[in-house]
Amino acid sequence: MTIRKCAAQPPTPQTVSEAHRRLKERSPLVHCLTNRVTINVVANTLLAIGAAPVMADHPQEAADVARQAGAVLVNQGTPSDHQIEAMHRAIAATGEVGVPWVLDPVGAGALTLRRHWAEELLAHRPTLLRGNAAEVIALGGQAEGGGRGVDSARASAEARDAARRLLARCGGVAVSGVQDRLVARADNDGRACPLELRLDGGSAWQARMTGSGCALGAIAAAYAAVCDDVVGAMLAAHVHAAAAAERAEAHAAGPGSFAVAWLDALADPALDLAGFAEQRLVTEWLAGD
Amino acid sequence: MTIRKCAAQPPTPQTVSEAHRRLKERSPLVHCLTNRVTINVVANTLLAIGAAPVMADHPQEAADVARQAGAVLVNQGTPSDHQIEAMHRAIAATGEVGVPWVLDPVGAGALTLRRHWAEELLAHRPTLLRGNAAEVIALGGQAEGGGRGVDSARASAEARDAARRLLARCGGVAVSGVQDRLVARADNDGRACPLELRLDGGSAWQARMTGSGCALGAIAAAYAAVCDDVVGAMLAAHVHAAAAAERAEAHAAGPGSFAVAWLDALADPALDLAGFAEQRLVTEWLAGD
Amino acid sequence: MTIRKCAAQPPTPQTVSEAHRRLKERSPLVHCLTNRVTINVVANTLLAIGAAPVMADHPQEAADVARQAGAVLVNQGTPSDHQIEAMHRAIAATGEVGVPWVLDPVGAGALTLRRHWAEELLAHRPTLLRGNAAEVIALGGQAEGGGRGVDSARASAEARDAARRLLARCGGVAVSGVQDRLVARADNDGRACPLELRLDGGSAWQARMTGSGCALGAIAAAYAAVCDDVVGAMLAAHVHAAAAAERAEAHAAGPGSFAVAWLDALADPALDLAGFAEQRLVTEWLAGD
């Protein structure tokens, strides 16, 4: 069972800067089984934030590598049958050794086969699920995801109920978008109650750069490796990505220079994550079960 | 049958800016079955020009995705047997629903197996074929392509006859190079006659950046999704790429910064495509059949 | 048998600038069978230094392409069973026609299956082996590589004996790291004696950019295509990479802009390789057999 404990209480801006400090200190090994389109971006993102990526998806070595890792990322952007087999083996290994794993259900919002794959992966209870609104809606049980290819035609607010429902199948749900919505459980007067964190900010260029979503999944995996609770890991990841995106936008003349400046900003050890969270984070308890 | 109608008359600079306007407005979904080397560049290029890439080449989903797309790109840069099967399924689906598709026969100019693959794909009559001179010469029936690896040792002028001949097997042929040559049919006093558009310009850095050719194939697919005629789509794509390359060169200190600046320029909604075409386009009727 | 002759005498700074001149003049075709993570970086690196990359790893064409190439790169970063088969076919072809080949044993320092693959490839006697300290130690016969994922926890100095031992199985060993150590044989008073070249310099950003090691393997293959001796090729490659990295660091605000500036610097035909080698190269005879 790989789902970690819920937060004792909702995370704060200080929780975020503390997680950032631990990430830089420990440099966790993040095992990625991810897609061909953005595999280079994912590796560079992990190196930029101070983690150590290892991309190993041969079925014969996936379990071995997962056992050595601080966290595992499973991103179904372009799977082959062999890679899917490797994903299942890696996930089984995380269960044996208690390593957290992140599911990024790319394309589940619009493409039938992707939804099928994502459902099979979800059955193994990821530590956290990160997707766009269409993907979360498609998996959370509504009839139609509202995706278009691998993109979402829906805002994150529309995925709120689906995310809430998915808490029965994973430790936390991050719905990335113009506004990020992070749903998990935290202690509320002795009961583990559903909680939503909303985060504004980031840059419109993120949607014009391939891999910004995949990179977020990887950042979330890196933070899951150094955080005890799911909600803290999700928040630190989304704050880190969004704060870096805002800084990058100031240096960008288009999506090409944005991607470069984003990596630079992600790597800045002095990026002020607590200050960003202070201004942009809204925390709200959701209706209980 | 997926070949679209020939142009009623040769395209003009205004046709190009009109196509650009439609591309930004409709943001077509472009389904790419493409190579591992430049898949990230292809996705970023499509996002930069305002299209929506979806990379899906599992044989089980290729047809489903192709049916949802505005256009399909088939690039044989690094195929596996599974990917080739997915290509054939996607192509069959385009035929059922009338979606245009672009063939990029990477390596057919020098490598035996690539020429074989390209011939099999060509048999399904692509809407347009985009390649370098060596590839077009190899497929247009001459004995030797004159390729070296995936590069061409020939100028586009040498591919003129081969391109002319290939019109029997596809809707239009784009020979990219220092000078681009676009061959298709247009109405000439009531007869569909072969026509050549020549375009100068671009940047020498394009040849020093991997994926500039693959990106051109993707841009052509995006324009094919929003243009009724093949020749207009080919022209808009090559003007867009070349105008952006010229602007990028002014900001580049080498191939690394060129690639970044090219994406920035491709994404500029105000890039003056009509003005570029006005200066650089030469249109010529070819000898009839 | 593809191992080329040892150097008649140790290479000098002038040997390096002479190799650079030949590389720009001949633009060798470099056949790469390499990993998905950094395949784009490898291709761009080869284009930047003036070589012509061709990425072809279908088992049916690997031998055909290798026979046409000036050198072959085998990088086991993310192999499938099909790619491994293609690697073995390409290597067999190099033996038939006398083309040099480079082995990059990615991950052999920490991952069991990678060490197994690397041992099988090594059995075919690469012209040169390029890896990090952990990989070289793991293959050179010590018990533990000291790797962590695909990274090394060891300094290149610790790999000295292992590199020395590996000379029995390949023409030369390059241990890349903060300090590069290049081990091969050269003529010492009529006997082919082991020699170590040490090179300081480069940039700490190289370790924060995915593919800097893979790119070094590709640069080494390109120089092997234009150099008669292994040690000269290894030295030219490491000097070229390190000199470009130092220049790039001066333009970099982080790992994103470093990667861009590195490609720009690699492509500068006037990059002063002899001057860099003059300042940073230390040559030492090792104890004989």
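Cβ atoms are placed via backbone N, Cα and C, with glycine included.
Pulled from TrEMBL:
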REGION    A:1-22  region 'Disordered'
BINDING   A:MET55, A:GLY211  substrate binding site
BINDING   A:ARG130, A:SER176  ATP binding site
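Taking the C-alpha positions, the distance from A:GLY211 (substrate binding site) to A:SER176 (ATP binding site) comes to 13 Å. The two recorded residues, A:ARG130 (ATP binding site) and A:MET55 (substrate binding site), show a Cα separation of 19 Å. In this entry, A:MET55 stand out among the binding-site residues A:MET55, A:ARG130, A:SER176, A:GLY211 as having a C-beta under 8 A from a C-beta of chain C. In sequence order, the binding-site residues from A:MET55, A:ARG130, A:SER176 that place a Cβ under 8 angstroms from a chain B Cβ amount to none. A straight line from the CA of A:SER176 (ATP binding site) to the CA of A:MET55 (substrate binding site) spans 24 Å. Under DSSP, A:GLY211 (substrate binding site) is assigned to coil, being neither helix nor strand in the three-state scheme. Here the binding-site residues are A:MET55, A:ARG130, and the one whose Cβ sees the fewest other Cβ atoms within 10 Å is A:MET55. Its Cβ placed at the centre, A:SER176 (ATP binding site) has 30 other Cβ atoms within 10 Å. All protein chains shown were included, and the count of other CB atoms within 10 Å of the CB of A:GLY211 (substrate binding site) stands at 25.
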